[in-house]
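The feature active site is assigned by Swiss-Prot to Asp16, Glu75, Asp147. Swiss-Prot lists Asp16, Asp147 with the feature Mg(2+) 1 binding site, giving sequence analysis as the kind of evidence. Positions annotated as Mg(2+) 2 binding site by Swiss-Prot, on the basis of sequence analysis: Glu75.
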Amino acid sequence: MSSAGRIVATRILGLDPGLRITGFGVIDTLGSQLRYVASGCIKTRDGELPGRLKTLLDGVREVIATYQPDAVAVEKVFVNVNPQSTLLLGQARGAVICGAVSCDLPVAEYTALQVKQSVVGYGKAAKEQVQHMVQRLLALDASPGPDAADALACAICHAHGGQGLGGQAGIGGRRRAGRILSL
């Protein structure tokens with residue numbers, strides 16, 4: 001809120017990192033209202049890893065220059081069955097985070113469980129459920145693609161303060177498995 005008592009809009013860039021495709025989604029928040037700005041994908045070509053990471057870094061910087069976000073929300077890495085895939089995903093995350101940090105933007109990180117809980121209300125929701133809820137929450141005419149939807153969901157999670165659709169647990173309580181427990 002500004003000093004004049006007005007609510008100030010905040011622009012959030014959500015990123016869903018991947019070495020082949022990194023989804024991005026930009027939303028504006030004004031109080032509890034969410035407004036879609038843009039979404040898309042940064043794609044890398046097959047080739048040497050350093051070149052692909054540079055493509056991601058440059059792509060994130062270009063998105064930031066175009067849409068001028070105030071904050072960035074990035075999905076955290078999950079541990080895959082294949083350790084090599086996990087390492088590559090971690091490097092892609094590093095490139096997109098460096099892109100944001102090099103533009104002097106604050107970066108928040110959320111697990112997939114937190115993002116799904118925030119957007120769908122269920123931490124183990126299917127990708128299609130996330131796409132559907134992103135479409136509804138942002139009043140989109142069509143469902144965004146899976147990578148863009150995940151990025152928009154990450155931005156929505158950040159707009160919700162990392163909390164689920166039900167909001168934060170009250171003072172003196174904590175949220176666990178969808179319910180508030182007394183301390």
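Glycine residues also receive a Cβ, built from the backbone N, Cα and C atoms like all the rest.
Here the features listed in Swiss-Prot are painted onto the structure.
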residue	record	DSSP class
Asp16	active site	strand
Glu75	active site	strand
Asp147	Mg(2+) 1 binding site	helix
Exercise for the section: Across all the protein chains here, work out how many other Cβ atoms are within 10 Å of the Cβ of Glu75 (active site). Expected result: 25
Practice task
Among the recorded positions Asp16, Asp147, point out the residue whose Cβ has the most other Cβ atoms within 10 Å, with all shown protein chains included in the count.
Solution key: Asp16
Completion exercise
As a whole number of Å, the Cα atom of Asp16 (active site) is distant from the Cα atom of Glu75 (active site) by 6
